[in-house]
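Here's the structure, in structure tokens; my notes come after.
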């Protein structure tokens with residue numbers, strides 16, 4: 001063996017899964033740049049002038065120089081000028097390099113860092129997939145770590161033991177401040193449930209970890225693909241990701257998930273930041289560095305429990321809730337053999353689904369996978385929010401063994417079936433949308449700090465003169481929103497009158513009710529009534545005590561959006577705008593959850609009566625991975641619970657709601673009001 005090989009072998013023997021970088025495969029501090037084994041001399045134009053290495057996440061300055069993002073951002077924390085020509089410079093002035101430059105960097109030839117055992121050469125952009133799917137050293141390190149570590153959340157199903165209180169704080173991988181060690185006022189967690197059965201594993205507390213995720217917009221106005229709820233001015237307190245938009249920057253990155261709590265944005269703490277301020281920070285055009293707290297599920301304290309470990313294993317509920325999680329292994333005769341699986345994604349649910357198993361194919365012959373199975377993971381690659389394309393790439397990169405983790409709906413029979421049969425079953429079990437989404441009859445007050453006021457405008461106008469407003473919403477949209485105003489155009493009569501503002505919710509025009517109409521119905525009524533010479537328009541405006549942040553954000557939005565009708569149509573209100581609406585304008589839906597006796601429901605809530613805040617609505621704050629609420633997929637962080645099994649939660653405190661939830665042994669019906677989070 002050569003000296004280089006001996007050195008590489010020595011390095012490999014000292015590697016550990018915890019210390020190795022999951023992107024470049026080298027050992028370096030998380031704050032340092034990635035390291036690569038370049039095989040050819042790199043052109044000086046592609047080298048950073050700070051670290052003198054080929055550029056990583058290249059950023060162009062206004063003065064014409066290019067640096068690695070990490071190098072430049074660290075430099076500008078101490079200085080305020082360009083390192084080369086010393087011209088005044090701020091990071092916000094810099095922009096990502098052109099696609100041509102990024103492609104040239106991606107194509108640089110590199111070697112696998114574990115070249116003593118893996119001699120593969122590839123383009124730089126291919127190194128990370130190689131490490132996770134083909135490198136034997138990387139795979140061995142991962143398997144060894146899995147054998148040593150404690151049981152992970154997605155392997156286990158258990159319950160809380162007698163020695164734990166229902167308010168246990170989360171155990172985290174990183175130390176937290178003292179304020180985070182205490183449970184929030186009004187926080188209850190039906191995920192923690194006690195049982196006298198000594199034969200079941202002891203579920204002690206939630207396991208969570210803090211991670212740093214960086215997202216880079218290639219264009220300043222590019223959508224991140226996040227919906228955000230919460231803030232210090234809301235009952236949730238924390239800033240929470242409600243949803244990941246499909247095919248967005250965040251979805252392609254794959255590290256963020258619904259329910260993640262954002263602790264810091266670009267090293268700025270979100271502990272005392274109102275909602276609108278957090279949204280403004282997240283809309284910055286430069287790279288975003290997010291520190292997020294991510295739930296991993298429950299830790300089991302039963303020393304007798306030694307479950308089988310795997311890179312990504314999901315809990316197996318004894319009773320579907322709403323489906324059963326299965327592991328299926330397919331063995332190919334050779335690496336290029338096709339599996340015979342058609343994968344799709346659905347418009348109403350994130351993730352990857354099996355559309356069909358081709359007759360005579362490997363999967364069809366094996367017989368364990370079924371049409372309509374949801375693919376949770378392939379070879380340890382988490383696909384709960386993935387795409388068919390990413391799933392296909394994982395399969396193509398696999399060797400002869402392909403491990404699937406799928407969730408099978410309780411409505412999906414073991415016999416499998418054709419696409420026609422599947423479609424027929426789906427049509428039979430599809431409930432009336434009105435049953436799940438209906439006008440709320442539960443009367444309650446909005447959360448503290450939020451309110452609304454009605455405004456009426458009466459004016460005479462020429463029949464041909466337009467009101468000059470654009471609208472969105474309607475009870476036929478996904479969130480069953482009331483019709484609201486997205487812009488007030490300067491050419492219309494309402495702009496001159498000055499009372500009606502963007503974000504106002506339409507109540508009626510000339511006595512014609514608009515609150516329960518679909519979008520098309522509202523447009524028809526508005527056009528008909530606008531033709532009259534006398535117009536009386538009633539709207540409702542929501543108000544918030546957080547007045548120091550909202551006006552600046554909105555005025556900037558007005559300047560940007562009023563110039564373009566297309567942008568005005570795409571404008572959406574902040575999540576906090578909906579909180580002040582009176583309850584008669586809410587639409588609610590019923591969510592049925594099922595579980596076994598030894599399972600938890602898997603969500604935590606805030607709200608109820610508090611001495612410092614009075615009566616507050618109950619909101620979903622956390623949804624725990626691997627639980628019925630998580631697998632069901634319909635509950636979202638920020639949803640308001642207005643009833644349990646038809647009994648209103650108005651007037652309840654924690655001591656009333658906790659027993660009500662615990663008494664529901666196997667099933668519960670939650671009536672919730674869900675508002676869409678602020679879109680980024």
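All positions are counted from 1 along the displayed chain.
The backbone N, Cα and C atoms fix where each Cβ goes, and this holds for glycine too.
Just so you know, TrEMBL annotations never went through curation; they're auto-generated.
Feature annotations, courtesy of TrEMBL:
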| type | residues | note |
| --- | --- | --- |
| DOMAIN | 48-86 | domain 'RING-type' |
| REGION | 149-200 | region 'Disordered' |
| DOMAIN | 212-284 | domain 'PDZ' |
| REGION | 301-321 | region 'Disordered' |
| DOMAIN | 327-410 | domain 'PDZ' |
| REGION | 408-461 | region 'Disordered' |
| DOMAIN | 456-541 | domain 'PDZ' |
| DOMAIN | 590-676 | domain 'PDZ' |
(message) Quick check on the domain 'PDZ' (212-284): DSSP residue counts for helix, strand, coil, in that order please.
(response) 13 helix, 22 strand, 38 coil
(message) Under 8 angstroms for C-beta pairs, at least 3 of them, ignoring pairs fewer than 6 apart in sequence. Is the domain 'PDZ' (212-284) in contact with the domain 'PDZ' (590-676) by that rule?
(response) yes
(request) Over the span of the domain 'RING-type' (48-86), count residues by DSSP class, listing helix, strand and coil in order. (result) 10 helix, 8 strand, 21 coil
(request) Tell me, roughly as an integer, the mean pLDDT over the domain 'RING-type' (48-86). (result) 89
(request) Sort the residues of the domain 'PDZ' (456-541) into helix, strand and coil with DSSP and give the three counts. (result) 17 helix, 34 strand, 35 coil
(request) Using DSSP, break the domain 'PDZ' (590-676) down into helix, strand and coil residues and give each count. (result) 15 helix, 37 strand, 35 coil
